[in-house]
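Q: Attaching a single structure in structure tokens format; questions to follow.
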């Protein structure tokens, strides 16, 4: 039922080329010079939904901004370099996207990124809490299962926490699930929608194939293999790139899809549904990804898990201890900060 509410996968990207009097979102990308940041910034610049695009990084942002600024779309682009320029980058923003951080290399898990990326995310979100406390915060930086609790705790410290405006971007898991199911069934991937719940690492990634639109069936061995491929798809890319990075282009696409859906909802479009890792009461985990109905002020309604198969139910049970540990790790990290 939940997946029936969601529009087909590529609709948000297609819709970003529509026209509306409200297409004036001010979006900031923090980590704009990186492997995800550059293609993400390109996709955002290409959208008429965006009127102002501010780019931040600790290196190369003036060049990235100059390059993008020549593109014949309306979004005004400006680059900001280094911590002293971050406040100006954030002022007046409606949406902040954070792909900043170090990428995975072969043999690394998303959790191996924790020590470096936790500090980066805590620093950037503290600036957001100070300079654009009302903005929607979309965190791409891994491990998302920990960086979202970090973001929440930082906002609490600054007294501006709103759980309806902090999102862990798990959209790439949905994009991959849609693609892989479509490949196996000979379908158009743009017409497939698979909700993916849980978290954004390994076995915490739980594709609900039983809720796929259109309905699909797989024998158990194929279903197990498909689920495993969705869960380890990021590692598949890391290995294929052989040390030259992780999933950047597909992640940029997924990040843009989420931002466009969010801006559509902020503009008053009804029925916009995306999965995201957020503060949640759906399970015993304090954060959990489920389909969300988005609205003008962020999360309008958590649509929950819905009806699942016994195979999916077991995956949820198996994921909870790992998710709880990752969440606690993020929360504990913020306690160590001055």
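Quick reminder: no glycine exception, Cβ is built from N, Cα and C everywhere.
Swiss-Prot feature annotations, pasted as is:
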ACT_SITE  200  active site, proton acceptor
BINDING   31, 32, 33, 34, 35, 36, 37, 57, 117, 140, 141, 142, 251  NAD(+) binding site
BINDING   104, 110, 142, 176  substrate binding site
MOD_RES   78  N6-acetyllysine
MOD_RES   165  N6-acetyllysine
MOD_RES   203  N6-succinyllysine
MOD_RES   239  N6-acetyllysine
MOD_RES   239  N6-malonyllysine
MOD_RES   246  phosphoserine
MOD_RES   269  N6-succinyllysine
MOD_RES   296  N6-succinyllysine
MOD_RES   307  N6-acetyllysine
MOD_RES   324  N6-succinyllysine
MOD_RES   328  N6-acetyllysine
MOD_RES   329  N6-acetyllysine
TRANSIT   1-24  transit peptide
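So where do these features actually land, and what's packed around them?
A: Other Cβ atoms within 10 Å of the Cβ of residue 200 (active site, proton acceptor), summed over all protein chains shown, number 29.
Proximity of residue 35 (NAD(+) binding site) to non-local residues of its own chain (separation of 6 or more, Cβ distance below 8 Å) is seen for 103, 245, 246, 248, given in sequence order.
Residue environment of residue 110 (substrate binding site) contains 24 other Cβ atoms, counted within 10 Å of its Cβ in all protein chains.
Long-range Cβ proximity for residue 78 (N6-acetyllysine), meaning a same-chain Cβ under 8 A and a gap of 6 or more residues, is found for 52, 53, 54, 55, 65, 89. DSSP assigns residue 78 (N6-acetyllysine) to a strand.
In the three-state DSSP scheme, residue 165 (N6-acetyllysine) falls into the helix class. The Cβ neighbour count for residue 165 (N6-acetyllysine), using a 10 Å radius over every protein chain in view, is 21.
In sequence order, 231, 315, 318, 319, 322 are the residues near residue 203 (N6-succinyllysine), counting only same-chain partners six or more apart with C-beta under 8 A. In this structure, residue 203 (N6-succinyllysine) is part of a helix by DSSP.
Sequence-distant contacts of residue 239 (N6-acetyllysine), defined as residues of its own chain at least six apart whose C-beta falls under 8 angstroms from its C-beta, comprise 106.
Secondary structure at residue 239 (N6-acetyllysine), as computed by DSSP, is helix.
Around residue 246 (phosphoserine), a 10 Å sphere centred on its CB holds 22 further CB atoms from the protein chains shown.
According to its DSSP assignment, residue 269 (N6-succinyllysine) is coil.
Of all Cβ atoms in the protein chains displayed, 10 besides its own lie within 10 Å of the Cβ of residue 296 (N6-succinyllysine).
DSSP gives residue 307 (N6-acetyllysine) a coil state; it is part of no helix or strand.
Around residue 324 (N6-succinyllysine), the same-chain residues at least 6 positions away in sequence with a Cβ under 8 Å from its Cβ are 284, 285.
Non-local contacts of residue 328 (N6-acetyllysine) by the CB criterion (under 8 A, 6+ apart in sequence, same chain) comprise 149.
Annotation for residue 329 (N6-acetyllysine): spatial neighbours 114, 146, criterion Cβ-Cβ under 8 Å with sequence separation of six or more.
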Q: At the level of the C-alpha atoms, what whole-angstrom distance separates residue 141 (NAD(+) binding site) and residue 110 (substrate binding site)?
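A: About 10 Å separates the two Cα atoms.
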Q: Sequence gap of 6 or more, Cβ distance under 8 Å: name the residues on the same chain that satisfy this around residue 37 (NAD(+) binding site), in order along the sequence.
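A: Result: 29, 31, 55, 57, 64, 99, 100.
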Q: Find, among the modified residues listed as 269, 307, the one whose Cβ has the highest number of other Cβ atoms within 10 Å in the structure shown.
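A: The residue with the densest Cβ neighbourhood is 269.
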Q: Rounded to the nearest angstrom, how far is the Cα of residue 142 (substrate binding site) from the Cα of residue 200 (active site, proton acceptor)?
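A: Residue 200 (active site, proton acceptor) to residue 142 (substrate binding site), Cα-Cα distance: 8 Å.
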Q: Name the one residue among 165, 296, 307 whose Cα is closest in three-dimensional space to that of residue 251 (NAD(+) binding site); these are the modified residues.
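A: The smallest Cα gap between residue 251 (NAD(+) binding site) and any of the modified residues is with 165.
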